[in-house]
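K.L.:
Among the features that Swiss-Prot reports, topological domain 'Cytoplasmic' is placed at 1-5, 85-94, 120-131, 184-208, 224-249, 317-369, 406-433, 488-499, with the record citing sequence analysis. Annotation source Swiss-Prot lists transmembrane segment at 6-22, 68-84, 132-148, 163-183, 250-277, 288-316, 370-386, 390-405, 434-454, 469-487, citing sequence analysis. Annotation source Swiss-Prot lists topological domain 'Lumenal' at 23-67, 149-162, 278-287, 455-468. What Swiss-Prot lists as region 'Essential for palmitoylation of SHH' is 91-155, and the listing cites similarity to another entry. Residues or ranges marked as intramembrane segment by Swiss-Prot: 95-119, 209-223. Here Swiss-Prot flags CYS188, CYS248, CYS330, CYS416 as S-palmitoyl cysteine, drawing on similarity to another entry. Taken from Swiss-Prot, the feature active site covers HIS385, and the record attributes it to sequence analysis. The annotation GTP binding site is assigned in Swiss-Prot to GLY454, GLY455, ILE456, GLN457, VAL458, GLY459, LYS460, THR461.
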Amino acid sequence: MLPGWELTLCLLVSLGFHFRSFYEVYKVSREHEEELDQEFELEMDTLFGGLKKDPTDFEWNFWMEWGKRRLVWLFIGHMAVSQLATLLTKKHRPWIVMVYGMWACWCVLGAPGVVMVLLHSTIAFCVAQFRSVLLSWLCSLLLLSTLRLQSVEEVKRRWYKTENEYYLLQFTLTVRCLYYTSFSLELCRQPPSAQPTPSAQGASHSYPWLLTYVFYYPVFHNGPILNFPEFFRQMQQPELNSLQHSLCIVAKGLGRLLCWWWLAELMVHLMYMHALYSSAPLLESVSCWTLGGLALAQVLFFYVKYLVLFGVPALLMRLDGLTPPPLPRCVSTMFSFTGMWRYFDVGLHNFLIRYVYIPLGGSQHGLLGTLLSTATTFAFVSYWHGSYEDLWCWAALNWLGVTVESGVRRLLETPCVRETLARHLSPQAHHRLHALLAACSTSMLILFNLVFLGGIQVGKTYWNRIFLQGWPWVTLSVLGFLYCYSHVDIAWAQTYTVL
């Protein structure tokens, strides 16, 4: 570990960089407010003393609008129904929750939405009866592909009066795909039996349990992902809470959610980062300080946004006696590609490891097997997210980042290199080398994820301005700040996280 004074200095430099760069984004937002208002129609809002709001983050506005319209009330309804079922007829709670989920789906998506979810789930269930993992995967991928067929999209659009209703159906079917895929693959792992078995394991893979899993409403529209074995086990043996403990969970959970929501709203009122990213001329002309602030603001807003979007279902799951996947870890404590994938969306990571990476061999089949397993995993993530050009580029870059990190780690762990480093470097120097490598990794991690958040053009702009036109001073300054940033992150991980 570093001396206390050095770690404190790194912490102060990191905080100073955050605040200074955020202030630069705030200044640019104010200077170009009129121009951005004309182009993107900033929203008038009384929440923060009349500050205008950047409305260009589609995902945040979409879910907030649906939340205010119906979803909040349907979530409250689920909480009431689930708690009453636990008190009155605990044995039948899964089926009651399933029926409520179907009714809630009908309330927001109508009969066509319920039929589509049932149709996809039933097809996957029927194919899984062949006990073939390959067939089940092909079925899931084909069902997922139907969501992008133009002729099918036109039919689904005619079912609804607004685009938002259509998009809600698309998002719901996309997330449900992972759920019925998990169920199907678990069913494929069960040996076919000549006679029906009354055992819990046999009953768990029945059609009613598939519907209970798929229509569990807290995670119905947007996740997070909970693999079927965990869902079944926890629904069978939930951690029942006393009334006092449940009220405490609600109070703490709502308090956190309100703080996260308030912080997210404050960010889009003070910093028009999404509008600035959508304006190529402004992005090319702002200072490097502002560019750095925009990058940090984008990734931190994405983190806070998902604290809210995953925090609501996580709260309801805890009240149901289930253990939700951990919420995303703060991106300001990430210093590696591996850590980002492991700790941001834990539910999705668990799904990918269990059903894609390990079945393909993972690290058990040598270097080539690892590369192919990792590449296939990232390819599936890109395809599931929508299969756009930006997503394929982002997935390829992240695969490259994970591969290079893994290669460097293996090199440093070879006996020759490890002994050489131990002989010539003190523990403090070893820590500094770790931070230096982490700074390089973090710079690429931020750059590659900006491709996901802003598109390929935004990524090119950052690459050109920071690493090509900005060489050497801007590039080295960024790496210097990230070096300090990495020291703090590594110390935090060693103190609070079991790696």
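Yeah, the Cβs are placed from backbone N, Cα and C, and that goes for glycine too.
Mind mapping these onto the model and telling me what they sit next to?
P.N.:
Summed and averaged per residue, pLDDT over the topological domain 'Cytoplasmic' (1-5) gives 81.
Within the same chain, residues 271, 289-290, 292-293, 296-297, 332, 481, 483-485, 487-488, 491 sit at least 6 positions outside the transmembrane segment (6-22) and bring their C-beta atoms closer than 8 Å to a C-beta of that stretch.
Look at the topological domain 'Lumenal' (23-67): DSSP puts its residues at 27 helix, 2 strand, 16 coil.
For the topological domain 'Cytoplasmic' (85-94), the list of distant contacts is 209, 212, 235, 238, 240, 320-321: same-chain residues at least six beyond its ends, Cβ to Cβ under 8 Å.
Secondary structure of the region 'Essential for palmitoylation of SHH' (91-155) per DSSP, as helix, strand and coil residue counts: 60 helix, 0 strand, 5 coil.
Within the same chain, residues 120, 123-124, 170, 173-174, 177, 180-181, 184-185, 187-188, 359, 383-384, 386-387 sit at least 6 positions outside the transmembrane segment (132-148) and bring their C-beta atoms closer than 8 Å to a C-beta of that stretch.
Counting same-chain residues at least six beyond the ends of the topological domain 'Lumenal' (149-162), those with a Cβ under 8 angstroms from any Cβ of the stretch are 110, 112, 116, 169-170.
According to its DSSP assignment, CYS188 (S-palmitoyl cysteine) is helical. In sequence order, ALA128, ARG131, SER132, VAL133, SER136 are the residues near CYS188 (S-palmitoyl cysteine), counting only same-chain partners six or more apart with C-beta under 8 A.
Long-range contacts of the intramembrane segment (209-223) within the same chain: residues 63, 66, 71, 74-75, 78, 94-95, 97-98, 100-102, 104-105, 117-118, 121, 125, 168, 171-172, 175-176, 178-180, 182-183, 203, 231-232, 235, 309-310, 312-313, 316-317, 320, 347-348, each at least 6 residues beyond the stretch ends and with a Cβ under 8 Å from a Cβ of the stretch.
A Cβ distance under 8 Å defines the sequence-distant neighbours of the topological domain 'Cytoplasmic' (224-249), meaning residues of its chain 6+ beyond its ends; these are 83, 86, 93-94, 175, 178-179, 182-183, 186, 200, 204, 209, 212-213, 216, 310, 313-315, 317-325, 345-348, 350-351, 354.
CYS248 (S-palmitoyl cysteine) has a Cβ environment of 12 other Cβ atoms inside 10 Å.
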K.L.:
Residues of the same chain, at least six outside the transmembrane segment (288-316), with any C-beta under 8 angstroms of its C-beta?
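P.N.:
Same-chain contacts beyond the ends: 17-18, 20-25, 27-28, 57, 59-60, 63, 67, 75, 78-79, 82, 218-219, 222-224, 249-250, 253-254, 256-257, 260-261, 263-264, 267-268, 271, 273-274, 276-277, 324-325, 327-328, 330-332, 344-345, 446, 449-450, 453-454, 462, 465-466, 470, 474, 478, 481.
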K.L.:
Neighbourhood of the GTP site (GLY454, GLY455, ILE456, GLN457, VAL458, GLY459, LYS460, THR461): other residues with Cβ within 8 Å of the Cβ centroid, in order?
P.N.:
LEU450, VAL451, TYR462
K.L.:
Which whole-number value in Å describes the distance between the Cα atoms of GLY459 (GTP binding site) and CYS248 (S-palmitoyl cysteine)?
P.N.:
44
K.L.:
DSSP-wise, what's the residue breakdown of the topological domain 'Cytoplasmic' (1-5) into helix, strand and coil?
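P.N.:
Across the topological domain 'Cytoplasmic' (1-5), the residues distribute as 2 helix, 0 strand, 3 coil.
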K.L.:
What are the helix, strand and coil residue counts for the topological domain 'Cytoplasmic' (224-249) according to DSSP?
P.N.:
16 helix, 0 strand, 10 coil
K.L.:
Rounded to the nearest angstrom, how far is the Cα of CYS330 (S-palmitoyl cysteine) from the Cα of VAL458 (GTP binding site)?
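P.N.:
Taking the Cα atoms only, VAL458 (GTP binding site) lies 23 Å from CYS330 (S-palmitoyl cysteine).
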K.L.:
So which residues does the topological domain 'Cytoplasmic' (406-433) touch in its own chain, when a touch means Cβ under 8 Å and the partner is 6 or more beyond its ends?
P.N.:
1-3, 338, 370, 487, 490
